[in-house]
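Some notes on the structure that comes next.
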Amino acid sequence: MKQLRLEPVVQVRGEINIPGSKSISNRALLLATLAQGTTTLTNLLDSDDIRHMLASLKQLGVEYRLSHNNTVCELAGLGGVMSSKQAQTLFLGNAGTAMRPLCAALTLGQGEFTLTGEPRMEERPIGDLVDALRQLGANIVYLKNDGFPPLTINATGLNGGDVEIVGDLSSQFLTALLMVAPLAKGSVNIHVKGELVSKPYIDITLALMAQFGVKVINHHYARFEIPAGQHYVSPGKVLVEGDASSASYFLAAGAIKGGEVKVTGVGRLSIQGDVKFADVLEKMGADIEWGDDYIIARGAPLTAVDLDMNHIPDAAMTIATAALFAKGTTVIRNIYNWRIKETDRLAAMATELRKVGAEVEEGNDYIKITPPAVLNTAQIDTYNDHRMAMCFSMLAFADCGITINDPDCTSKTFPDYFVQFASLKV
């Protein structure tokens, strides 16, 4: 197993241009596929999750051209649904942002489609989405365990009508349903059961759908109306914002050991909720400066916070390791959906924080973190989870440094993360 030793860093300073957002990249690729016309996507993320989506689209007959560095994609839209005369099997790795939307989109056309992935994907729930699609007439069969991939879709199109979907586990289910609803055979009314998690991710979806010319009526996130007879139309060009979750590591670095760290590609005009991570750092005591397309974090003594972070679940992980450098006990609440991500992130985070000496209380949907007087060095297991590796890079700011096991797992969203991270050292 590959290991990366991060020696203690005294201070950081610099500027990082953040790679494209995973959430926006895969949503935009799918909408461009369903749209009339050719779309040029710029600042597309070049990572495993995007490659799985692109490979699947190519297998389904979608034509596109990538630039030499894979960050510009010119894609010819199908002007409607994806169909296939031959049965197709699509391998989607551990990419939830490809599995969930494709599962929904493939019900719109004609054909037999089997969706598979890595072993961890078989543990990541999809039942709430499948239940909703079945209410609209979809024929979907589980191949192993009910509620989980792999699965086969026997597609004949999707009916309109009223549909209920559970909202308190993952916003990706609602995102997938929203994106396919305009191409159903009639108007769709989506009723959300329970409290909707990660609302800002739904805002991303709605903003992109509007960019492609589709109207959705949002009734306070409890009900969504999607009128019939709509079509996606390419806006011509789509600029993929920098990934706000990826920005969180560099902003935290500035807050803990700045100096001054500036991230570009994301700022106050962002459609991503994870930019609110900077507000949490500010509550902890960091000096934050906002521009339209940049954020600057400057170091200051940090103090613990006790906050509901349901709206920024991915970026909230960075607060868990930043808490090791804050005075007092930090509590991160309402984060049950950490448990259904690339790994059970609540359990993994608690385990690894304890290795460096933190006192940790792991609840069903919260985590309490009290830093030790002196942090220990340790070998951090990353659970094939890109965010675990990036979060624990913050331990380079301890006097003892840290060793990251399997650092290449960052290829899921940020292949050269550790190169960029090293560039901040003073």
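Cβ atoms are placed via backbone N, Cα and C, with glycine included.
According to Swiss-Prot, the residue from Lys22, Lys237, Lys276 that belongs to the phosphoenolpyruvate site alongside Gly96, Arg124, Gln172, Arg345, Arg387, Lys412 is Lys22.
Cβ neighbour count within 10 Å across all protein chains ranks Arg387 highest among the binding-site residues Arg27, Arg387. Cα of Arg124 (phosphoenolpyruvate binding site) to Cα of Asn337 (3-phosphoshikimate binding site): a distance of 11 Å.
Checking the binding-site residues (Gly96, Gln172, Arg345, Arg387, Lys412) against Asn337 (3-phosphoshikimate binding site) with a 10 Å Cα-Cα cut-off leaves Arg345. Of all the Cβ atoms in the protein chains shown, 27 others lie within 10 Å of the Cβ of Lys22 (3-phosphoshikimate binding site). Of all the binding-site residues in the record (Lys22, Arg27, Ser171, Ser198), the one with the smallest CA separation from Lys412 (phosphoenolpyruvate binding site) is Lys22. Around Gly96 (phosphoenolpyruvate binding site), the same-chain residues at least 6 positions away in sequence with a Cβ under 8 Å from its Cβ are Met121, Arg124, Ser170, Gln172, Lys341.
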